[in-house]
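Participant: My structure is below; once you've seen it, I'll send some questions.
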Amino acid sequence: MEPGRAAVIVEGQKRRAIVARPVTLTIMAKGKKAPDSSGDKLMKKHPEPAFTKVPVQTHLEQKLSVCSKLCFAIGGAPNQVAGSATAFFLQIYLLDVAQINPFQASMVLFIGKAWGAVSDPIVGFFVTKSRWTKIGRLMPWMVGCTPFVVVSYFYLWFVPPFTNGRFIWYLGFYCLYQTLITCFHVPYSALTMFLSTDQRERDSATAYRMTMEVLGTLIGAAIQGQIVASAHTLKHCHHHNVSSGHLGNSSGAEVIRSLALSQDFLSHAKEVYMIAAGVIGGLFLICTVVMVLGVKERDDPYAPKTEKPIPFHEGFVLVMKHGPYLILTAAFLFISVAIQLVQSNFVLFCTYAVDLRDHFQNIVLTILMSAAVSIPFWQWFLQRFGKKTAAFCGITWIMPFTVMLVFIPNLVVAYVVAVSSGLSVAASLLLPWSMLPDVVDDFRLANPNSKGHEAIFYSFYVFFTKFAAGISLGVSTLCLEFAGYDTGACRQPHAVAYTLKLLIGAAPVAFIITGLMILLLYPISEDVRRQNKLALDQLRNQTINCRPIREDLNSI
């Protein structure tokens, strides 16, 4: 081989080795000389401009460790633990243990949810105005509010000694709890965008998070259900009903004896609900500590910078004009309302409509165990067939089975329905939080100079879903009032059972169909998502290349 040709081949091999080598960007102080590499030696053949200075570069790890993903996921579990307990048991607790009337209970549920919904954009506004600290911009919010969340949650399950002001007590503590949990959940949701700039890493972290949140929902239902199950059995009731509307032919002595047993049992119910609240509050503290110690919040240093930050209201207008966000939010608003209706009325349904009161806690656990096990399946499915297809396949699965339980109310069917419904619950939990980052990326591409609005996306998504859920829960509890729900009674009139069947069967199916019809308009397919990823990577590369030149020009 000729010497000249051999030299060219060797030189080409060196250049290929340099290109193939992973790029590690390091922070170098101004005026300090970086260590020479083989690439530097090649570049020294060309004269440097007189005004060149060493660029300040930032090291960004795109790959997330399994430990970081687990710690991030664990941080979201306590919100779901507490949320599961309130979703399944708060309504029956207010009616049968706190013994406020259905109208007052509906006001507590509706106003509390509406208050929480309104607090979401307010908290989102303050989060966007937060400065970076040593632990990040979002972490201080979660750390600061956690102790107060635990206290407010405990008092939500405490029955005060007075009776006339109980409505104000529960309304106040439920609104306080909703505000504080919002201060935790909005920054935690937005934290997804600050884990990595890589879509696959964010999707993977979201799958970890959803798996842990479903497990958290499972743990919350297990703790609450197993501890308080004894408060909702027929052991404290005689075969006749002791309520004022259903005394029948009972003698006065029987009624007095039954009422005495009921008061003893009521004290027991109050005690077990407080024990469950204390256990869940302790889990909240532990999980938050694990998240803070194991997760590092990262900004995106390669995103384009603007000379002047865009005001919150302008960012809000931009977000609300973004079509994919509005479609996704509207679709999952209806779907989440359907899931909320099933969750909040399921214990009442099992207790008073289908005579499964001795099994409801195990049926709930079966639903949530099925959901937890199926999260990895849905993660694989959405990567294989796309997120939109996964949404349609997963969420439609629940409709025939909820109707089946209404028309065939026996124990075997209940467990079959529970396993099948868990698949849809998992899909409804995973998919919106997996699709929201894609919407944010699409927005970033459409508005490359608008940065820092991630909290607006997440806070207003939660706002709309919470507000709609609050309306649906309030209306559903009012329906029980109109049907003649008797607080503290062992059995309810037939109209109440019929109403509960409608709230579990027909209403959720109607909401799910509406949500899926809206989701048909969602424009971000898998091809669009991949194109957005490539375009964003190109923007970041341009920013990396342009920033040293801009700094050099500023130094002249």
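Positions of Cβ are set from backbone N, Cα and C atoms, glycine also.
The shown structure was predicted, so the numbers you read here are calculated from the model rather than taken from an experiment.
Copied straight from TrEMBL:
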- 138-156: transmembrane segment (TRANSMEM)
- 168-195: transmembrane segment (TRANSMEM)
- 207-227: transmembrane segment (TRANSMEM)
- 272-295: transmembrane segment (TRANSMEM)
- 325-343: transmembrane segment (TRANSMEM)
- 363-382: transmembrane segment (TRANSMEM)
- 389-408: transmembrane segment (TRANSMEM)
- 414-434: transmembrane segment (TRANSMEM)
- 455-475: transmembrane segment (TRANSMEM)
- 495-522: transmembrane segment (TRANSMEM)
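How about a rundown of where these features are and what they're close to?
Facilitator: Outside the transmembrane segment (138-156), and at least 6 residues removed from its termini, the chain residues within Cβ reach (under 8 Å) are 75, 82, 86, 90, 123, 127, 130, 170, 173-174, 176-177, 180-181, 183-184, 186-188, 190-191, 194, 274, 277-278, 280-282, 284-285, 288, 291-292, 295, 297.
Counting same-chain residues at least six beyond the ends of the transmembrane segment (207-227), those with a Cβ under 8 angstroms from any Cβ of the stretch are 69-70, 72-74, 76-85, 88-89, 192, 272-273, 275-276, 279-280, 283, 360-361, 364-365, 368-369, 371-372, 375-376, 379, 425-426, 429-430, 433-434.
If one looks beyond the transmembrane segment (272-295) by at least 6 residues along the same chain, the residues whose Cβ comes under 8 Å of a Cβ in the stretch are 67-68, 70-72, 74-75, 77-78, 81-82, 85, 93, 97, 135, 139, 142-143, 146-147, 149-151, 153-154, 156-159, 191, 195, 219-220, 223-224, 227-228, 230-231.
Note on the transmembrane segment (325-343): residues 87-88, 319, 395, 402, 421, 425, 428, 431-432, 435-436, 439, 443, 457, 460-461, 464-465, 468-469, 472-473, 476, 503-504, 507-509, 511-512, 514-516, 518-519, 521-523 of its chain, located 6 or more positions outside it, place their CB under 8 angstroms from a CB of the stretch.
Non-local neighbours of the transmembrane segment (363-382) in the same chain are 84, 88, 203, 207, 210-211, 214-215, 217-218, 221-222, 225, 346-347, 350, 356, 389-390, 393-394, 414-415, 418-423, 425-427, 429-431, 434; each lies 6+ residues outside the stretch with a CB under 8 Å from one of its CB atoms.
Tertiary neighbourhood of the transmembrane segment (414-434): same-chain residues 189, 192, 203, 206-207, 209-210, 213-214, 217, 328, 332, 335-336, 339, 342, 350, 354, 356, 359, 363-364, 366-375, 377-379, 382, 387, 390-391, 393-398, 401-402, 404-405, 461, selected by CB-CB distance under 8 Å and a gap of 6+ residues from either end.
Long-range Cβ contacts of the transmembrane segment (455-475) within its own chain (Cβ-Cβ under 8 Å, at least 6 residues beyond either end) map to 91, 106-107, 109-114, 116-118, 120-121, 123-125, 127-128, 182, 185-187, 189-190, 312, 315-316, 319-320, 325, 328-330, 332-334, 336-337, 340-341, 344, 432, 436, 439-440, 443.
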Participant: Who are the chain neighbours of the transmembrane segment (495-522) in space, where the CB to CB distance is under 8 Å and they lie at least 6 residues beyond its ends?
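Facilitator: Distant contacts of the transmembrane segment (495-522): 324, 327-328, 330-335, 337-339, 341-342, 345-346, 348-349, 352-353, 388, 391-392, 395-396, 398-399, 402-403, 405-406, 435, 476, 479-480, 483-486.
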Participant: Mind checking which residues of the chain, 6+ beyond the ends of the transmembrane segment (168-195), have their Cβ under 8 Å from one of its Cβ atoms?
Facilitator: 64, 68, 72, 75-76, 79, 82-83, 94, 98, 100, 107-109, 111-113, 115-116, 119-120, 123-124, 127, 136-139, 141-142, 144-146, 148-149, 152-153, 155-156, 160, 201-202, 205-206, 209, 295, 297-300, 433, 436-437, 440, 454-455, 457-459, 462
Participant: So what's near the transmembrane segment (389-408) in sequence-distant terms, Cβ-Cβ under 8 Å and 6+ beyond its ends?
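Facilitator: The answer is 335, 342, 354, 378, 381-382, 414, 416-417, 420-421, 423-428, 431, 435, 501, 504-506, 508-509, 512-513, 515-516, 519.
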